[in-house]
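Now, the feature entries from TrEMBL:
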- 95-517: domain 'Major facilitator superfamily (MFS) profile' (DOMAIN)
- 148-166: transmembrane segment (TRANSMEM)
- 173-191: transmembrane segment (TRANSMEM)
- 197-219: transmembrane segment (TRANSMEM)
- 231-251: transmembrane segment (TRANSMEM)
- 257-278: transmembrane segment (TRANSMEM)
- 346-364: transmembrane segment (TRANSMEM)
- 376-397: transmembrane segment (TRANSMEM)
- 404-423: transmembrane segment (TRANSMEM)
- 492-512: transmembrane segment (TRANSMEM)
Amino acid sequence: MSQSSTMKFDSILTEIDGFGKFQIRLILIQILSRISLPCHFLLNNFMAAVPSHHCNITALDDGGIFGNLTREQKLSVGVPSEQDGTLSSCQMFSEPQYQHLSGPNSTEDAVTVPCADGWVYDNSTFKSTLATEWDLVCGRKSMNKATVTFFFLGVMCGAPLFGFLSDRYGRRPLLLASYMSSLMFAVLSAFSPSYVVFVIMRFFTGMALSGMSIISIALNVEWCGIAHRTFSGVIISLDWTLGNMLLVGIAYNVNHWRMLIVAVTSPLILSIITWRWLPESARWLLANGKADAAHKYLMQCAKMNNRMKYMATITPTELLETAQDETEDKKYTFWDLFKTPNMRKISICSGIVWYGVALTYYGISLNITGFGLNPYLTQVIFASIEMPIKIGVYFFLEKVGRRSGETGSLLSTGLCLFINIFVAKEKWIFRTVVAVIGKSMSEASFTIIFLYTTELFPTVIRQNGLGYTSFVARLGVSISPLIVLLEDVWHLLPAIIYCAVAVGSGLVSWLLPETLNTRLPENIEDIEKPR
């Protein structure tokens, strides 16, 4: 019964052009807001960068010789050297070691202590960052990494919340709520007086932004005709690339972290202005029995796409009849993802794959200093490779299939991470090439899994399925920056963990069914008893 009615809505959409001017306008308006997503998600690469630093040694000034020394001499007298000849970042001598002025810098007998009076930072690249503002270095290094974790915990809590609310009150009002609250919390975080306030504001910023990322994808899929689903999915993910480019441009010109937050959030002001031209999802309106409103938006769509002839014959009551059968169906919940055997397999496997994809993608993206290159340059290389990869992915998906694409891209990511474990830091060109290939493979796995999961879950619990996988993914992302802290245990440990996760989730993705050229499942029976 419900099969015919959903087919009816899709056929109406096809008649009035499933990808015309109306849909293009919808995507363009959304891109304005979605550009600021990657900026915030990868903001920590610039906002929380740690410039090179050493102890502030003014306290060693004993009123004697120390005051007359040059800056270099003061440092050699006051700060011990590491094995590789650089100055120690976290230690200083308790007394000035004047014998270092004459001979080599040997530190066998001198007593070193942790920095007593704070640090001196090299501010040639960044004027001020979180690390320099609140001294989040040395013993407080983990506090710096934790800012990313709290942000993504916010995204993780926001996803199910906005998913639920947008199913209850509609896509359009919650998009506005998401825009306004993101703008508000981002600006508040830029003016936070202390670390604690900052972390709390970042948590809420993440929560507000997650609404935008989830709802806008749902809105686009719900307005696009069947034939254009892959295309609109790939197009929507290109805004991520645009946002990445924008982030580098802004960060390069704005090197004070407070202004940087304000600058990357500014596109949201335009989004709030253009919001009035966004349509509500006609599918959602019909499912909730609001036929008049749905008819109004479908007429708008037909008018923009020059297909008025068809809509002239359809009345709101007829529209409501197409949706009637659907609303009588039972309500589905989160637990339906795990009740039946095939559905359970899909849910558990896709959850593991999402976790792996997100963990490795952000592991590579948030750790851009590890390639021995300037952070701006690394980010530019990373961003510019995304365009060609996404276009390649589109053709691969249409010709070869989803499952082999997902498994292949994850295993290649693992391989690249594995190779870089054994390459010396000095060979930075080789390291960068391997890292860029790894990043692009990881990017491909992200694009594929997005489309793949929409096709795996049946219509009745698709939003639930996406909310669940998104939640699992954000869990992976929240842990990702903390894994980097394990390098203090053993310097290769982070790379080995990322590599193992990529390979493991790649193998799990092979257990999922292929969805290329199959009909989208409408209800759970379609999955339990495949025709």
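Placement of Cβ uses the backbone N, Cα and C atoms for every residue, glycine included.
Keep in mind that what you see is a predicted model, and the values were worked out from it rather than measured.
Beyond the ends of the transmembrane segment (231-251), by six or more residues, the same chain brings 19, 23, 27, 30-31, 34-39, 42-43, 45-46, 216-217, 220-221, 224, 260, 263-264, 376, 379-380, 382-384, 386-387, 390-391, 393-394, 446-447, 450-451, 454 to within a C-beta distance below 8 angstroms of the stretch. Distant neighbours of the transmembrane segment (173-191): 33, 36, 40, 162, 165-166, 198, 201-202, 204-205, 207-209, 211-212, 215-216, 219, 258-259, 261-262, 265, 268-269, 271-272, 275, 278; these residues of the same chain sit at least 6 beyond its ends, with a Cβ under 8 Å from one of its Cβ atoms.
Taking the domain 'Major facilitator superfamily (MFS) profile' (95-517) as a whole, pLDDT averages 84 in the prediction.
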